Amino acid sequence: MVILSKVSCRLFKFWNTEIDWETYMTQVSLYLSGERNYTHIKGSTGPIVYPAGFLYLYSFLYKLTDSGQNIIKGQQIFMFVYLVTLFFVLKIYYSVNAPFYAYLLLIFSKRLHSIYLLRLFNDCWVMLFSYMAIYAYAMHLWTFGTCFFGIALGIKMNVLLFFPAIAIILLQMLGLRCMLWHFFVVFVIQALLSIPFISYKKEYISRAFDFSRTFLYKWTVNWKFLPESVFLSKEFSYLLFFIHGLMLFIFSSRLWNRISDYSLKKIGSSLLNTKPLFINKTHRRHVQLRSLIVITLFTSNLIGILCARSLHYQFYCWFAWSMPYILTKTRIPIVLQIIIWALQEYAWNIYPSTPYSSFIVTTIPALVLFLILIRY
């Protein structure tokens, strides 16, 4: 399957457009020259907005690609990242007995190939560590999963979309005390990564973990069908935040709690009890439990995608790897699953985005999550 994916990548010709690569290299060069004030680390498309792990990673790439000039070598590295990510996604799919057609849908995404082989975005590395974490969690390798999650968070904070799922999984499987310990591990990883910037900690935190960023209407992929005035309004932002919280609550009480077979109320009351909620029931097969863990992580991320303030084209890799498996859990006919996947791929390949394509981009996650909720 990995070899077939590599062949499919070759079917398309990709030419690097240096959308963010040039900015990445400029920011890295400033860091390597000794700059530690995050407000002074900038590039042609703006200031740095990623945690320190991003700088360490791209400093390594900076040296491997002759100060960022050897684009071909960079593309080869990112093809390797694509294939390794695919390998871990396939491992996840295999561990939960995903049907064969879901595997095939993984390898024919033109937009994914573009993101990895043409754009060289840091999102690619983030999702590599994210899927390593998901595989580790599915296999009950809890510490490895949390460490991989912490590394991913140290590169870009979009992985926080997985955080609600990780919290409820760890609470049910390991208990409150262990859950808090895993959170502490994530915190320690972030603290260690930030050590070189300790003299400018306020500047570092405000830029690396900025939750107040504003987005440009012309670049949004998911909300172009709304008027610009609505998109930019605070009321719309608050509405998305409310919907996000509501959906997390609904999925926690209807789906994610099945790991322990406890109601959300009982899970909440168990916070006073440090023991795990999950009891190894003989009737629950290991593959069923792995499936619950994986679908919890995948749907938590997809809820965040649906309620995102704005999506850009590179964000497609945040959830595209998981959609074939999520679709299998809707229990709708296979033909309809493939049609939904194809519509999603079609909409994400329309550039620039239109009201029509944005409507599809937003509707599909909403539809899929609804089907999961009523049919899984």
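From the backbone N, Cα and C atoms, a Cβ is placed for every residue, glycine too.
Sequence-distant contacts of the transmembrane segment (48-65) (same chain, six or more residues past either end, CB-CB distance under 8 Å): 24-25, 27-29, 31-32, 38, 41-42, 71, 73-74, 77, 122, 125, 151, 153-157, 190, 193-194, 196-197, 204, 207-210, 213. The transmembrane segment annotation in TrEMBL covers 48-65 (among others).
Feature annotation from TrEMBL assigns transmembrane segment to 77-94 (among others). Same-chain neighbours of the transmembrane segment (77-94): 1-2, 5-6, 9, 61, 64-65, 102-103, 106-107, 112-113, 116-117, 120, 124-125, 127-128, 131-132, 134-135, 138, 294, 321, 324-325, counting only residues six or more beyond its ends whose CB sits under 8 Å from a CB of the stretch.
Packing against the transmembrane segment (125-142) from elsewhere in the chain are residues 57, 81, 84-85, 88-89, 91-92, 95-96, 148-149, 151-152, 155-156, 158-159, 162, 166, 169-170, 173-174, 178, 182, 290, 293-294, 297-298, 317-318, 321: each is 6 or more residues past its ends and has a CB under 8 Å from a CB in it. The transmembrane segment annotation in TrEMBL covers 125-142 (among others).
Through the fold, the transmembrane segment (148-171) approaches residues 50-54, 57, 122-123, 125-127, 129-130, 132-134, 136-137, 142, 178-179, 182-183, 185-186, 188-190, 193, 208-209, 248, 252, 256-257, 259, 267, 270-271, 277, 293, 296-297, 299-301, 303-305, 315, 318 of its own chain, all at least 6 residues removed from its boundaries and within a Cβ separation under 8 Å. The transmembrane segment annotation in TrEMBL covers 148-171 (among others).
Among the features that TrEMBL reports, transmembrane segment is placed at 178-198 (among others).
Summarising the annotation, TrEMBL assigns transmembrane segment to 236-256 (among others). Sequence-remote contacts of a segment are chain residues at least 6 beyond its ends whose Cβ falls under 8 Å from one of its Cβ atoms, and for the transmembrane segment (236-256) they are 164-165, 168-169, 226, 230, 263-264, 267, 292, 295-296, 299-300, 303-304, 306-309, 369, 372-373, 376.
When Cβ-Cβ distances below 8 Å are used as the criterion, the transmembrane segment (291-311) is approached by residues 92, 95-97, 134, 137-138, 160-166, 168-169, 215, 219-223, 231, 237, 240-241, 243-244, 247-248, 251, 255-256, 258-259, 318-319, 322-323, 325-326, 329, 361-362, 365-366, 368-369, 372, 376 of the same chain, each at least six residues removed from its ends. Marked as transmembrane segment by TrEMBL: 291-311 (among others).
For 355-374 (among others), the entry in TrEMBL reads transmembrane segment. If you look at the transmembrane segment (355-374), the same-chain residues 6 or more away from its ends with a CB under 8 A from one of its CBs are 220-225, 247, 250-251, 254-255, 295, 299, 302-303, 305-306, 311, 319, 323, 326-327, 329-332, 340, 343-344, 346-348.
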Intrachain neighbours beyond the transmembrane segment (178-198), with Cβ under 8 angstroms and 6 or more residues off its ends: 36, 38, 51-53, 56, 142-143, 146-147, 149-151, 153-154, 166-167, 170-171, 204, 208, 276
